[in-house]
Amino acid sequence: MSIEATDEVLAGLEHWRGIPAAHQPTWPDIEALEAVTSELREWPPLVFAGEADSLRAKMAAAARGEAFVLQGGDCAETFAESTADRIRNKIRTILQMAAVLTYGASVPVVKLGRMAGQYAKPRSSDLETRDGVTLPVYRGDAVNGHAFTAASRTPDPERLLRAYHHSATTINLIRAFTQGGYADLRLVHDWNRGFMSNPAYARYEVLAGEIDRAMRFMDAAGVDFDALKTVDFYSSHEALLLDYEAALTRIDSRTGDPYNTSAHFLWIGERTRQADGAHVDLLSRVRNPIGVKLGPTTSGDDALALMDKLNPEGEPGRLTFITRMGARKIRDVLPGLVERVTADGRPVTWVCDPMHGNTITSPSGYKTRELATILDEVRGFFEVHQALGTVPGGLHVELTGDDVTEVLGGSEEVDDAALASRYETLVDPRLNHQQSLEMAFDVAEMLRGN
Ligand code: PEP
Ligand code: CO
């Protein structure tokens, strides 16, 4: 039997349209946009509501300290790089980091890709000028092209359909890899094949050897390994383009409740988190687990207003605060916020994004970040929660599985001169594969210390 939504619920899903929405593209042809969104409304959901429910339960466990969330992927996925190799490399990086954290700190890891839908970006300026020519800024592949020509930079709603298709092929490959045997923990060595000649990989190889030995012991002791064959791997992206997110918001036939079926987990960005804004309104009406980015200017009142809107009943796992304060500020700014939220009593999952508060321009002009600063923010996050007796619930990072040179530092020391050799991101700098593993080893130690 299929349960339908009430008229009130359906009307509520349209309410955001009457509220100003920040960071939306100026689509040149509204009729073309409407044609696209009515097509999207007919297409199948990308995720199942029941999966979003199981993720919500896991986010609740992370808020209690019984699991740790690892959310990672590109700042901006691109259509051109939605290839099998790139996707596999990202999945493998997240699986390896999760193995390091699980084994190093004896805690289950909730794996959440910034993948299969991360195609839209808020930008600080609407326009970009180069050599006297001014064009609309690049807002992600779901909106326009990165090439600096008028044709490419004009927002094109057909791109929303391509974003859906790339999300579908990406989530399909994620499901194939994580359910089809690739993620089997017995392959923990194989994930590292071909990468032996640097300290982070050597350290990983030692850990993989220990995991192998532990598994041979359990095998000999008669443990059933079926549980290790598959892993749960969830999708997430910033819910920025409200026309797209609304078109993929569907009624769950089991319950009559709305879910956003474009991803399991959606977050609201630092620039669109106004409690009375359109993004918060739309996401307040779906049942998925929801995140909100909180920057250094967030007040306790802001946080409580978001809780009132997004999780009035205090449902465990529903609301995640992803703090991105910057390494220099986190120890000063985070404690007051955590205290206010904790005093309220409604549960929140605290996740650290050590990337977005630490972006700098290198002397040679690249937008970059330093691995040491990133790790310092994570350390500050753990220190604050430890001092307050609250729970550091997870980590949110921009990473890729490839050997790019976008973030400074690491044991294979990327310096300013090296940035030019493989700087590929279209928006923010990402940890490369070995910097990601290095971070996982450090965070495992912090988790253990906790
Ligand atoms: C992002 O996650 O890429 C992003 C834009 O973050 P924030 O909203 O925290 O600035
Ligand atoms: Co980013």
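The backbone N, Cα and C atoms fix where each Cβ goes, glycine too.
Sequence annotations record features per position, and here TrEMBL assigns Mn(2+) binding site to Cys75, His356, Glu398, Asp428. TrEMBL lists Arg114, Glu270, Arg271, Lys293, Arg324 with the feature phosphoenolpyruvate binding site.
By neighbour count, meaning other C-beta atoms within 10 Å, the densest spot among the binding-site residues Arg114, Arg271, Lys293, Arg324, His356 is Arg114.
Among the binding-site residues Cys75, His356, Glu398, Asp428, the residue whose Cα lies closest in space to that of Arg324 (phosphoenolpyruvate binding site) is His356. For ligand 1, the nearby binding-site residues are Cys75; that is, of Cys75, Arg114, Glu398, these have a C-beta under 6 Å from one of its atoms. Candidate binding-site residues: Cys75, Arg114, Asp428. Those with a Cβ under 6 Å from ligand 2, in sequence order, are Cys75, Asp428. For Asp428 (Mn(2+) binding site), the Cβ neighbour count at a 10 Å cut-off comes to 18, with all displayed protein chains included. Comparing the binding-site residues Glu270, Glu398 by how many other C-beta atoms lie within 10 angstroms of each C-beta, the top residue is Glu398. Cα proximity to Cys75 (Mn(2+) binding site) (within 10 Å) is found for the following binding-site residues from Arg114, Glu270, Arg271, Lys293: Arg114. Listed in sequence order, the binding-site residues near Glu398 (Mn(2+) binding site) (C-alpha within 10 Å of its C-alpha) are Arg114, out of Arg114, Glu270, Arg271, Lys293.
According to DSSP, Glu270 (phosphoenolpyruvate binding site) sits within a helical segment. Take the CB of Cys75 (Mn(2+) binding site) and look out to 10 A: across all protein chains shown you find 21 other CB atoms.
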